[in-house]
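Taken verbatim from TrEMBL:
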type: BINDING; residues: 111, 174, 176, 177, 326; note: Mg(2+) binding site
Ligand SMILES: Nc1ncnc2c1ncn2[C@@H]1O[C@H](COP(=O)(O)O)[C@@H](OP(=O)(O)O)[C@H]1O
Ligand SMILES: [Mg+2]
Ligand SMILES: [Mg+2]
Ligand SMILES: [Mg+2]
């Protein structure tokens, strides 16, 4: 990394080689001047005449994370937080994807929408987002289309709005996953995936605060220079990880351990998102010795894909329905690294049913060897919990 530029971006290249499929070509990163810290995703595709199109986008998220104002954080209808960075990130990704993929009918299943931003009291927030989006696009040399108006930004947020489903191609975006982690200064991820005929075929997971070394051991002092991971996976070709500073990508694999005593497990930092008592019971039953590693966002899938730990347990409280953007990119990152993700009954995760994952009770992720024992421990623990109520 160049010493004058302590900021960096990443670039993901994809192309569609077949008639439909979009194929990941590779990922590159490069350092940028200080003020332009961001994340860049480049996706391209082959047109019929063999010409490859490439597009990219970049977010200034690190900068925003450090300088969030109280007014930049709002509460959604379900009381979960959303920030100017979530909206801004979605507007930029959606704007660029739609603009650069004119040959593809643009369908995007994304977490945020513009409804709350259209209210009178949100006008200050909307101005901030518009400023952020314009700064981001300007730094990407898109001066010819700038500045976007507040209405342009609202339209961009809702671009291609779709519920996904079993047919066609749909992008799936969580513009900031782990917003609570983002607000705390902890882990968060930008998660983009592509569904083709109901299956996840491509996933990119950027984890700007994830250490490059294992997060399974607790007593590490991590220097700021040693964080920032990009995971990407394409169906049939494996999972790769690289540092956001542009180092060469390495192929990653889930832990090969068969011994639960050696396996540490991940779960949400937020107890409201996953029942910590239940995962504790499961881990104990399985014979896991290490304490849980609690981190926010799909960074858990990334960490698991490179073998930091061997198990991810997620048991939302009753009534919560999981959304596809919270899992699609992470799922393929783990699956292509040799892992398995199922619900608590052992059913594979089904991304073809629209915005929600239709699940039996929870999500469990591990390697092929540990899955049977884990599934047994999960089912016994669920029974025990139910009979104690
Ligand atoms: N009550 C709840 N139970 C389970 N998941 C929840 C939840 N409330 C919010 N979430 C989801 O949990 C995600 C974060 O997961 P994690 O706990 O692994 O960091 C959130 O993503 P966002 O931060 O993108 O909104 C949100 O979609
Ligand atoms: Mg959210
Ligand atoms: Mg999320
Ligand atoms: Mg989100």
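In case you wondered, yes, glycine gets a Cβ from its N, Cα and C as well.
All TrEMBL annotations are machine predictions without curation.
Remember, it's a predicted structure, so these values are computed and weren't measured experimentally.
Features per TrEMBL, on structure.
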residue : record              : Cβ within 10 Å
111     : Mg(2+) binding site : 23
174     : Mg(2+) binding site : 31
176     : Mg(2+) binding site : 27
177     : Mg(2+) binding site : 28
326     : Mg(2+) binding site : 22
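For the Mg(2+) site, the Cβ centre of 111, 174, 176, 177, 326 serves as reference, and the other residues of the chain with Cβ at most 8 Å from it are 86, 173, 175, 178, 179, 189, 191, 297, 298, 325. According to its DSSP assignment, residue 111 (Mg(2+) binding site) is coil.
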